[in-house]
Each structure stands twice: as structure tokens, then as C-alpha cells.
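J.: Pasting in a structure now, in C-alpha cells, and then I'll have a few things to ask.
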Amino acid sequence: MDPMELRNVNIEPDDESSSGESAPDSYIGIGNSEKAAMSSQFANEDTESQKFLTNGFLGKKKLADYADEHHPGTTSFGMSSFNLSNAIMGSGILGLSYAMANTGIILFIIMLLAVAILSLYSVHLLLKTAKEGGSLIYEKLGEKAFGWPGKIGAFVSITMQNIGAMSSYLFIIKYELPEVIRAFMGLEENTGEWYLNGNYLIIFVSVGIILPLSLLKNLGYLGYTSGFSLTCMVFFVSVVIYKKFQIPCPLPVLDHSVGNLSFNNTLPMHVVMLPNNSESSDVNFMMDYTHRNPAGLDENQAKGSLHDSGVEYEAHSDDKCEPKYFVFNSRTAYAIPILVFAFVCHPEVLPIYSELKDRSRRKMQTVSNISITGMLVMYLLAALFGYLTFYGEVEDELLHAYSKVYTLDIPLLMVRLAVLVAVTLTVPIVLFPIRTSVITLLFPKRPFSWIRHFLIAAVLIALNNVLVILVPTIKYIFGFIGASSATMLIFILPAVFYLKLVKKETFRSPQKVGALIFLVVGIFFMIGSMALIIIDWIYDPPNSKHH
């Protein structure tokens, strides 16, 4: 039996349920009688840790079978919040500016708030279903609800979602680590050496850092690394905000051959060269002055100055640097999947819940509320200021867009290092639920084995390395996985498990009507988003896109 299942979850009545008082009173009696019989085994546990998530239906034999698993959680409220926040944050934050560019500011904010609220509601359904269903393992909830098909459905969804998440982290390493190494070595461009090849680098990082961290036995050990990862992401958001006020619009494009910047414009305009105030930067910025000449220069002098500087310039459209509030195009299809992918933490909710100290459903819901709200604020800031920096020129991986502007910039170099460290330390967190799913499916009653523990981690990491090397752009990871498995985990599975396993509420109760509406919304969203993405692939195939 998996150690994450049925570990002393509080069974206080649900305040949200009008039928909360209907929980069997006989449960307390059963719990007390069994507690007396096993008092020596649970001598060091508090009263709550001796209650089992069984709804009073387990007999003495099953209680005895579960006895070894019923030990209290040891992870603090703060560490649990760090772990869940880190699971939410991931690399989705790097794709949000791209989503805003293809939805507009107002539409993006509405969608972001809606997805955050729906994610909170989904966690509420999942936690309540875990209590009523008697398991803290996603696959076993599926098995109790629909038998073997439900177990397989949960397994496939968790595996696809977390493999997509791991792949997106490795994509960041593939794209950003060569740029960091190139900057440290003072190279103006990638020379093609093996140590600047992202495919080689992700293999080295996977074997040297990710695999050893993935061999830890418990998820709680990663609480401190989660806190450090979040600190790195806070630093990332801070620098994105700071750079918004340094990079002018229209976007300066670095000409590596002469060390200057050029604009993508077509008509003459007046520009003034401004030094970049960032330390050790090899870049000069150009500001657009369309209504006056550079100070002290007449028209001919200005033109001569521009000719001598080697700057290429063209006029830009009037609205190129104007923010868009509502945007609808073929890329809008990727916006909602990217947002959904950014808020997925559901495979980690139950493992974190199982390790929460003095756990209760309400306490875990508070952890979820704090984590999702905090990430909502960080997402909004990163998306808004990233979009207002690059507007329509933003890329699907935000940090990669800055390479258009800088050859070397100390704050951005530090940001890239921070993000690389953060995503590298996050990979083991999303690997844990996949390994648990594999063990639950293939080795449900086997004792713990270090060899199996190692081999599953090694195979998963190897498969992700192959995927990252073969898939050309990160957007298709975010879009397709977000539209399929992420919607299963956020919308569909929690709703159907709730409808099936929560017996004490009638089907016409407000709680189940809400879950049914939630299920229908999830189905329509998944079908619609995947259809739009497939249509976009047909008419604008991936090989024709350059990022």
C-alpha cells in the first residue's frame, strides 16, 4: 500500500456542505475502539493523527493493514505553501507575456482571474473527494470511482501533464544555458562549440543535478529548495519590471557585427543615442524623437550622425508601441491553454496534503488559497511588464526575447542564472507524482526498492530529454499539454470524482450542480482549445514558424 494513502486526514464536517452532519457517527466509535487496540503503536501520535480517512466503513482487518501507514505529516504550513507555490509557478510564467500579446491586456486579466478562481474551486473539489473517497492518491480515487478505466485515466493525465512540465523546464535550460555560457565567455555569437549546444547541456544537467535530486525518498525534503526557487522567480519578476523602463520602443535590435542597434522601420525619423545605464552592457539604446531633432543638430547633421553610427532605421507604424486591450487572432487559441498550464498543481496537491503537519482539509485549502493568490500576483506583474517591454515582438519564452537587445547585461545574466537554478530544482518536484503513479499502477503492493526508485526516475528523465531535443518550440508543449491533460486535472477529473464518490449530497444539491457545470465547462474548453490548435497547425505548421 502506498505510504501517501490514508495518513491521518482530519474528518471535520464540511462547512460548505449542507449535509455535513450526515457523516456516520459510528465512525468515532470504531476509531476509538481501534485506537485502544493499537495504543502502543500510536503512542506518540495526537488524537487527530489517529483518525483515518475511512468514513467508518473499514473493519479491523483493514485498519490493521493500514496501521503502518498512519503516521502524522511532518511538513510545516510554510514549507507546504512553498512546495505548492513552486509546483504552480514552474515555467508557465515565461509564456504569459506571449499570451497577453495575443489576447490583449483586459481580456488577459479577465482570463487569468477566471482560471485562478476555477483552479481554487478545483482544489476544493479534489480535497473534499479525497476525504469522502478515502484515498490521498489520484489514481486510487479514479479506481474507486470508475474502476480500472478511472485509474488509467488519472495515470495518463498526471503523466502527460508532468512530462509536459518537465519538458518545459528542460526547454528553458536548452535555450538559456548556452546564452549564459556565451555571455560569461564574452562571445558575440554562438560559435557552435559543444558547450554552447543546448542538447548536450540538458543531458549534462539532467545527469549531474536533476537525477540525484530525484532520488530523494520524500517530497518534503525539497521544501527548502522550493523556497529558494520562489526567491529566484521573485527576482526574475523584479528585473522584468525594471527593464520595462530601460528598453525603449520601438524595440532596438542588436546588430552583433557592429555592436549597435537598429530599428525595423521604413521612413526617416530622428533618433538620439543614449547609453545603457546597466553595468557592463555592450549596448546603446536609441529613443524615437519623431517631433524634434537631437539636441543641437539640424536635419543634415542628424542624418550625417546617423550615417556615421551605422544605425539602420525605418519608420514604424503608429500603433506599434501602443498596448492592445482586446486581441483575437489564430494565436489566441494558445492563450487559455498557457494560462491553464500555468496554474496546474493538482498532481502535487495530494502528496503535499499527505505530508502536511496537523493536516485537515481546511488547512490544505488555506495553503492552496495562499499559493494560488501569490502566483496570480506574480503572473500578472510578469505578463504585464514583459508585454509592455516587447509588445507584439514578445516571444513565447520571455527571456529569449532579451537576447535581441543585449549582448551582456549583468542584471539579466543574473536573472537567467536564477531562472535556470529555479527550474532545475523544480524538476524533481514534478517527477515525484509521475513515479508514484507508475508505482501505483505497476507495483501496487511491492515494498520500497531503491533500484526501482532509481530506474523509474532515470527512464522518465531520459524520455524528457528526447522530447526536448526533438520538439522545436516550447509553445507547442504549453499549448497541447495545457489543452489536454491540464484540463483533465483541473476541470474534468475532480468534477467527475466528486460527482461519483461524494455520496452524502444529492445530485440536485448546489454542490453537485456546481460540479456538473464545472465538468461541462472543462469538456467544452478542452475540445474547443484543441480544435483551434489543430486548425492552426494545419494552416500554419510548426516548421514554418520562426521564434
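Using N, Cα and C of the backbone, Cβ positions are placed for all residues, glycine too.
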J.: Do Glu139 and Gly514 come out on the same side of the membrane in Swiss-Prot's annotation?
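T.: Topo match: yes.
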J.: Pick from Cys249, Cys345: which cysteine does Swiss-Prot list as forming a disulfide with Cys321?
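T.: Answer per Swiss-Prot: Cys249.
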J.: Swiss-Prot annotates one residue of Asn83, Asn276 as N-linked glycosylation site; which residue is it?
T.: Asn276
J.: In this structure, which of the disulfide-bonded residues Cys249, Cys321 has the fewest other Cβ atoms within 10 Å of its Cβ?
T.: Cys321
J.: What average pLDDT does the predicted model assign to the topological domain 'Cytoplasmic' (126-151)?
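T.: When the pLDDT values over the topological domain 'Cytoplasmic' (126-151) are averaged, the result is 88.
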J.: With DSSP as the yardstick, break the topological domain 'Cytoplasmic' (498-514) down into helix, strand and coil residue counts.
T.: 9 helix, 0 strand, 8 coil
J.: Going through 152-172, 333-353, 412-432, 454-474, 515-535 one by one, which has the most CB pairs that fall under 8 Å from the transmembrane segment (221-241)?
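T.: The stretch I would name here is 412-432.
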J.: Among the recorded stretches 152-172, 370-390, 515-535, which has the greatest number of Cβ pairs closer than 8 Å to the transmembrane segment (105-125)?
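T.: Looking at each of 152-172, 370-390, 515-535 in turn, the most contacts to the transmembrane segment (105-125) are made by 370-390.
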